[in-house]
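Structure record follows, encoded as structure tokens.
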């Protein structure tokens with residue numbers, strides 16, 4: 001019987017899983033932001049129709065796009081998300097103790113909740129704005 005599979009979100013702690021997300025990444029060779037280097041910096045590739053080079057840190061959820069071939073992924077990550085705890089980890093993920101891993105994952109979960117809460121707040125504010133405009137038009 002084989003080892004049980006890791007939960008999908010925990011798989012992203014492993015660099016090879018992050019590399020696998022860079023299927024149609026535009027920068028493959030002779031550049032600083034190859035899939036391997038992007039994955040080392042904690043990024044996964046999550047392209048959209050309008051942003052084919054969109055990458056997101058799986059840990060702090062910072063999204064960056066508009067990559068240039070000479071962009072250094074770790075430097076860009078530090079510049080745009082200096083508080084990301086993933087960047088401070090000095091060990092390979094496989095070398096972390098269970099306690100270290102769970103502490104790290106607790107921070108990732110907090111980041112995810114903060115991101116989702118922020119997105120919901122923006123969505124609510126946009127709905128409130130639209131509703132307010134509709135009410136004002138009725139009153140006019």
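Quick reminder: no glycine exception, Cβ is built from N, Cα and C everywhere.
Feature annotations, reproduced from Swiss-Prot:
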type	residues	note
BINDING	76, 80	Zn(2+) 2 binding site
COMPBIAS	113-129	compositional bias 'Basic and acidic residues'
SITE	126	site 'Interaction with FBXL7'
COMPBIAS	130-140	compositional bias 'Polar residues'
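In the three-state DSSP assignment, the secondary structure recorded for residue 76 (Zn(2+) 2 binding site) is helix. When the neighbouring Cβ atoms lying within 10 Å are counted for each of the recorded positions (76, 126), the highest count belongs to 76. Listed in sequence order, 62, 64 are the same-chain residues at least 6 apart in sequence whose CB falls under 8 Å from the CB of residue 80 (Zn(2+) 2 binding site). Annotation note: residue 126 (site 'Interaction with FBXL7') sits in a helical segment as assigned by DSSP.
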